[in-house]
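Structure, as structure tokens:
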Amino acid sequence: MRLPLAVLVSFSVVFGSCSPAPGPEQNRLTFFEHLGHTGFKFSWRNLTCPTCKALFVILDIALLTDTNEEHVARTAGEVCIRLHLAEERVCRSITELFRDDFIRALQRSLLLPREACALLVGPSCGKYDIYAPWNVTLPGIPKPPVTPPSLPKPGSPQSRILFLTDVHWDQEYTAGTTADCKEPLCCRKDSGFPSWRRREAGYWGTYGKCDLPLRTVENLLENVAAAGAWDWVYWTGDIPAHNIWSQTRTQQLSELTVISRLIHKHLGPKVKVYPAVGNHESTPVNSFPPPFIHGNRSSSWLYNTMAEEWSPWLSEQAVKTLRYGGFYTMEIQPGLRVVSLNMNFCAAENFWLLVNSTDPADQLQWLVHVLQESELKGEKVHIIGHIPPGLCLSSWSWNYYHIVNRYESTVTGQFFGHTHMDEFEMFFDEADKTRPFGVAFIAPSITTYVDLNPGYRVYYVDGNYKGSSRLVLDHETYILNLTEANHSPGSGKPVQDPKWELLYRAREAYALPSLFPADLDTLIQTFVKDDRFFQKFWYFKHKGHVSEPCKDACKTTEICLLRSGLQEDLGKCTGHHGFVKKLIRSTRKIVC
């Protein structure tokens, strides 16, 4: 027996997929607090355990017929409307879009009535362990002695890496439409036109709940092509816009094809691009079944097109694992390897993990094998992915942390996106909690969503020579200042060919000798002591467009979140500071 009622609870996932994954108790309380505020009088705590379990047995039986599936889906739509999670049109569309895949995932899940009632009624009614702890197996080979990193000699080669993430191209973006509409995404053909005191969509993009027109994406690619040469490119996904209630597979594949070919066109055939899969590439959003799901419900429709479009950049073996599970590894240069992870297998929002969340696709066990081989060969490894590890399910996050700690001398770079912000997560040695050994860099988005300038990142990495550490030495962030781009001085009209400007260089801005883990750990300590440095970070985090400073509880929570790439640690940050709900709403909003 399984959990049909989660169809209703799913909307709290769909409309909140950018914040750190809450625990089961948080999920239960948050959802039913909403019910109380909207006039629902029913309380699961009024049920006895036997009644609750009997109810879920009946509901499971009800889902055995297509007719009853229709009733469940219709109820989910009504709940979405009554809770004001979105406009009625959005609620009904998203219910229809999610219905089949979500119900199929629930029907294949292993959640028993006693577990469902433990979630809804409380731990006295049973044990809720759908995301129970699990461990990957590490080889018995001892960890090599760790040598602290040192700066390369002056004049040593450096690799210049372009990093692109979170494009979110909106085909329906229309300049002049309403930028502050009621729906989750504005600045679109169906957003209407602004009346008095309402803002309108700008030509190149807009501050607010808006994604980007294609001309802005092309302008970015023209500018980075002119700013070359690039040694290679990391591109960590999220191509489609945030209109998740009205997307189709045909649309998703078309957008994937258009953006992939534009990157190839502007950067040229000689520049290798290493992509990663974002959570928005699929439809429904966040829907990434494990490889044992076959047929029309599988992700083969998406992975096969990715393999075709990305094959000019990838090896035959990389294409093979990409088709299998959306991940791969490749040698970039002798002595340096990239691993592209499918981070959707770690995401609480991926409802297919209800079926089985234990190392989906055996991806982490595969990662261990790759890193062990690289260690034996003396290779350094860069890991790229979309969702940062600190925002993953707890067990996945812990296992990932454990793996990179074991292979800290091999993993010399971690690069992610997803939050749309400019930030990072620290990694500390599991034995010596005070020794920083790694950093997950989180780059800002190309899109403006929400209330941001468009941006991209450039990394400078210890270069291609014998004995290179392949560590990140510095990085730069570039933005398109929308205030200037949309309003040319004098005429007030959009600039015809806007230039993307340097916002900051990390070492220069923060007066750092390097971006090694120890130096970034020191920087966090400086944030605590010197508020000027922290407010500078806050300004850079929002790509030069921030409405107010971050003080008191906001600052405390932000610094706490920077200190760890482990989901359990981030949960402690959010648990100790009541400000975090406001912080998450204001910075990560809905469905990143």
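Including glycine, each Cβ sits where the backbone N, Cα and C put it.
What TrEMBL says about this protein:
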- Asp166, His168, Asp238, His420: Zn(2+) 1 binding site (BINDING)
- Asp238, Asn279, His386, His418: Zn(2+) 2 binding site (BINDING)
- Cys49-Cys125: disulfide bond (DISULFID)
- Cys52-Cys117: disulfide bond (DISULFID)
- Cys80-Cys91: disulfide bond (DISULFID)
- Cys181-Cys186: disulfide bond (DISULFID)
- Cys187-Cys210: disulfide bond (DISULFID)
- Cys346-Cys392: disulfide bond (DISULFID)
- Cys550-Cys554: disulfide bond (DISULFID)
- 45-129: domain 'Saposin B-type' (DOMAIN)
- 1-20: signal peptide (SIGNAL)
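Comparing His386 (Zn(2+) 2 binding site) with Cys550 (disulfide bond), their Cα atoms are 26 Å apart once rounded. Cys187 (disulfide bond) has Asn279 as its nearest neighbour among the recorded positions Cys49, Cys125, Asn279, going by CA to CA distance. For Cys550 (disulfide bond), the count of additional Cβ atoms within 10 Å of its Cβ stands at 23 [all protein chains shown]. In this structure, the C-alpha atom of Cys125 (disulfide bond) lies 34 angstrom from that of Asn279 (Zn(2+) 2 binding site). Among the recorded positions listed here, namely Cys91, Asp166, His168, Asp166 has its C-alpha nearest to that of Cys392 (disulfide bond).
Looking at Cys346 (disulfide bond) and Asn279 (Zn(2+) 2 binding site), their Cα atoms lie 11 Å from each other. The shortest Cα-Cα distance from Cys52 (disulfide bond) to any of the recorded positions (Cys91, Asp166, Cys186, Cys550) is found for Cys91. In sequence order, Thr177, Thr178, Ala179, Asp180, Ala201, Thr206, Gly208, Lys209, Cys210 make up the list of same-chain residues 6 or more apart from Cys186 (disulfide bond) whose Cβ falls under 8 Å from its Cβ. Here the Cβ of Asp166 (Zn(2+) 1 binding site) has 27 other Cβ atoms within 10 Å, regardless of which shown protein chain they belong to. Between the CA atoms of His418 (Zn(2+) 2 binding site) and Asp166 (Zn(2+) 1 binding site) there is a gap of 7 Å. Comparing the Cα of Cys91 (disulfide bond) with the Cα of every entry in Asp166, His168, His420, these being the binding-site residues, the smallest distance points to His168.
Across the fold, the C-alpha of His420 (Zn(2+) 1 binding site) and the C-alpha of Cys117 (disulfide bond) stand 36 Å from each other. Cys550 (disulfide bond) sits 24 Å from Asp166 (Zn(2+) 1 binding site), counting Cα to Cα. Ranking the disulfide-bonded residues Cys49, Cys80, Cys117, Cys554 by Cα distance from Asp238 (Zn(2+) 1 binding site) puts Cys80 first. Mean model confidence of the domain 'Saposin B-type' (45-129) amounts to 68 (pLDDT, 0 to 100 scale). Using CA atoms as reference points, the disulfide-bonded residues Cys49, Cys80, Cys117, Cys181, Cys554 were checked against Asp166 (Zn(2+) 1 binding site), and the closest is Cys181.
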